[in-house]
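Before any comments, here is the structure.
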Amino acid sequence: METKQFTTDEIDQAAELIRKGELIAFPTETVYGLGANALDARAVKQVYAVKGRPSDNPLIVHVSDFEMVKNYVTDIPEQTKKLVDAFWPGPLTLIFNVRADAFSTTVTGGLKTVAFRMPKNEKTLELIKTAKLPLVGPSANTSGKPSPTTAKHVYHDLHGKIAGILDDGPTQIGVESTVLDLTAANGIPVILRPGAVTQERLEQVVGKVQVDQHLISESEAPKAPGMKYKHYSPDVPVWIIEGDQQVFRKAIEWAKNKNQRIGLFADNQVTKIFSNEVEAVFSFGERSVEQGTKLLFAGLRNLDEQNIDVIFAQAFPESDLGIAYMNRLKKAANQKILKIDSIFE
Ligand code: TXA
Ligand code: MG
């Protein structure tokens, strides 16, 4: 199958293909999604097939307004309106109890709940409105690889397997939406996946919000099925560097002693200092967690294509957006962190 690149003037064509059961990747403010008609079980099956995604991992249904959600859920918890008013369109996915006949089990992974999100991208909202359908939209990458933040990343992973890609340039945020479960018996919302809408921002709007225990202690099983899988991983092993230049220096010496070719993902100060000592660098620019997050997946993908043996990636403090950044980076690194007091052997 030839994968067509649609410009933002060709939304009618893309919507028509969606209505026919084809797969079209779409832009959002977080990462690119792999779109298909959420009401067409065959199309949804195809989404799992082209991604190579485990079938117990449910999908997020993308809508163009909250009205669409009402058709598919059994109840709407009281905090919903405040959350939707404050954060939609935006990087917040909300989980509701699903109506029994609303979606095939391919969408929900057989759970009694379903996830919804209204993405903040004009073109994708237009695509949903034109197709007049809710769209499933997992990140448009091969399962296990870093999520795509450009149309080129999508093409790299999925060309030949999907009908088209709607290109609207690089995404703004760079990591996937916050997933918030509204179905707990005690009524307290629970964060299942950290994203750009942080616990602090949520609590300002709806009061107490909890965080899934798994995100705090690794021993608990995660409630969002997708969080248990190995994720965001380049083929090249990644180590997180926590600390300043000294730690980068020690890590570089350590790898050189083992004759390893090194790639760095860091701010421009760090990459400047070490660019002559390593084989590849990817700078995310100034040292800000917004910049680091925006370019994390692009950086990991870029370095993965170079001829290197190890990637050293800069840590950020685990507060605000840093929680989402470190959550994704720790998965990419398989939790491996080098600190100043680590033993470099
Ligand atoms: O930003 C995003 O959310 C992107 C863009 C494209 O919208 N989409 C995305 O989809 O990240 P995906 O499929 O890669 O991740 C969906 C996450 C998974 O961790 C999944 O387990 C969880 O949401 N999820 C979906 N439905 C759920 C449910 N009913 N209960 C618990 N977790 C659910
Ligand atoms: Mg994903």
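Glycine is treated like the rest: Cβ placed from N, Cα and C.
As annotated by TrEMBL, domain 'YrdC-like' applies to 8-197. Residues or ranges marked as L-threonine binding site by TrEMBL: Thr30, His62, Arg117, Ser177. Per TrEMBL, the feature ATP binding site maps to Arg53, Asn57, Thr113, Ser139, Ser147, Arg193, Tyr232.
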**Prompt:** Of all the binding-site residues given, Asn57, Ser139, Ser147, which residue's CB has the most CB neighbours within 10 A?
**Reply:** Ser139
**Complete:** Among binding-site residues Thr30, Thr113, Ser139, Ser177, Arg193, close to ligand 2 by Cβ (under 6 Å) are Ser139
**Message:** Long-range neighbours only, meaning 6 or more apart in sequence with Cβ under 8 Å: which ones does Ser177 (L-threonine binding site) have?
**Reply:** Thr30, Ile60, Pro91, Leu92, Thr93, Arg117, Arg193, Gly195, Ala196, Val197
**Complete:** Spacing of the two Cα atoms, Ser147 (ATP binding site) and His62 (L-threonine binding site), in whole angstrom, works out to 17
**Request:** Provide the three-state secondary structure of Asn57 (ATP binding site) computed with DSSP.
**Result:** coil
**Prompt:** For the binding-site residues Thr30, Arg53, Asn57, Ser139, Ser177, Tyr232, which sit with their CB under 6 angstroms from an atom of ligand 1?
**Reply:** Thr30, Asn57, Ser139, Ser177
**Asked** Quick one: Cα separation, Tyr232 (ATP binding site) versus His62 (L-threonine binding site), in Å?
**Response** 22
**Request:** Identify, among the binding-site residues Thr30, Thr113, the residue whose Cβ has the fewest other Cβ atoms within 10 Å in this structure.
**Result:** Thr113
**Fill in**
Arg53 (ATP binding site) has its Cβ surrounded, within 10 angstroms, by a count of other Cβ atoms equal to 20
**Request:** Pop the mean pLDDT for the domain 'YrdC-like' (8-197) in here, whole number is fine.
**Result:** 97
